[in-house]
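See below for the structure under consideration.
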Amino acid sequence: MMSALSQAAKSLLLQDFVSAFFLSMRQFFAPKETINYPHEKGPVSPRFRGEHALRRYPNGEERCIACKLCEAICPAQAITIEAGPRRNDGTRRTVRYDIDMVKCIYCGFCQEACPVDAIVEGPNFEFATETREELYYDKDKLLANGDRWERELARNISLDAPYR
């Protein structure tokens, strides 16, 4: 009898409706969690894996030593490297360094395998194109990406260094 009486009082006073209404009002006036994307950008983690880039040393020489570890470890087989002849000092550089971004799965294995931090995945995630051919990155495009993002790439690598 008591439970029926309390149930009737609860429905008569619209307790569920009122509590739901106050919950809605609290959420309505709370700060918004979304951002207006094209005009505002959220924070990007230093470990974010975006558009690929080839880095240079401070003297302007490219870092890649044509060891081909990134090509060997790539599970999608998206990287193609051609090594040039050995130089007088015994080192090699690449003649051709291509990445097919359509095949790439952005796993980051190439970046982890590189002994000289030459190939990195940068902070850029806005690289949509109209044709598939534009997603075939050659060495010049990768070096241009590295030059454009070098300051942020160096900062991200230094922030990630304690965890490597």
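One is the number of the first residue shown, and numbering goes on along the chain from there.
Each Cβ is built from the backbone N, Cα and C atoms, and glycine gets one as well.
Residues or ranges marked as [4Fe-4S] cluster 1 binding site in Swiss-Prot: CYS64, CYS67, CYS70, CYS114. Residues or ranges marked as [4Fe-4S] cluster 2 binding site in Swiss-Prot (evidence: sequence analysis): CYS74, CYS104, CYS107, CYS110. Among the features that Swiss-Prot reports, domain '4Fe-4S ferredoxin-type 1' is placed at 54-84. Sequence annotations record features per position, and here Swiss-Prot assigns domain '4Fe-4S ferredoxin-type 2' to 95-124 based on sequence analysis.
The binding-site residues recorded for this entry are CYS64, CYS67, CYS114, and the Cα of CYS114 lies nearest to that of CYS74 ([4Fe-4S] cluster 2 binding site). Helix, strand and coil residue tallies for the domain '4Fe-4S ferredoxin-type 1' (54-84), in that order: 5 helix, 8 strand, 18 coil [DSSP].
Looking at CYS64 ([4Fe-4S] cluster 1 binding site) and CYS110 ([4Fe-4S] cluster 2 binding site), their Cα atoms lie 12 Å from each other.
Sequence-distant neighbours of CYS67 ([4Fe-4S] cluster 1 binding site) (same chain, 6+ residues apart, CB-CB distance under 8 A): PRO115.
Break the domain '4Fe-4S ferredoxin-type 2' (95-124) down by DSSP state and the numbers are 5 helix, 9 strand, 16 coil.
For CYS70 ([4Fe-4S] cluster 1 binding site), the spatially nearest entry among the binding-site residues CYS104, CYS107, CYS110 is CYS110, judged by CA separation.
On the 0 to 100 pLDDT scale, the domain '4Fe-4S ferredoxin-type 1' (54-84) averages 96 in this prediction. Cβ neighbour count for CYS70 ([4Fe-4S] cluster 1 binding site) (all protein chains, 10 Å cutoff from its Cβ): 22. On the backbone, the CA of CYS104 ([4Fe-4S] cluster 2 binding site) and the CA of CYS114 ([4Fe-4S] cluster 1 binding site) stand 16 Å apart. The Cβ of CYS110 ([4Fe-4S] cluster 2 binding site) lies under 8 Å from the Cβ of HIS52, CYS70, ILE73, CYS74, ILE79, ILE119, GLU121, each of these being in the same chain and 6 or more residues away along the sequence.
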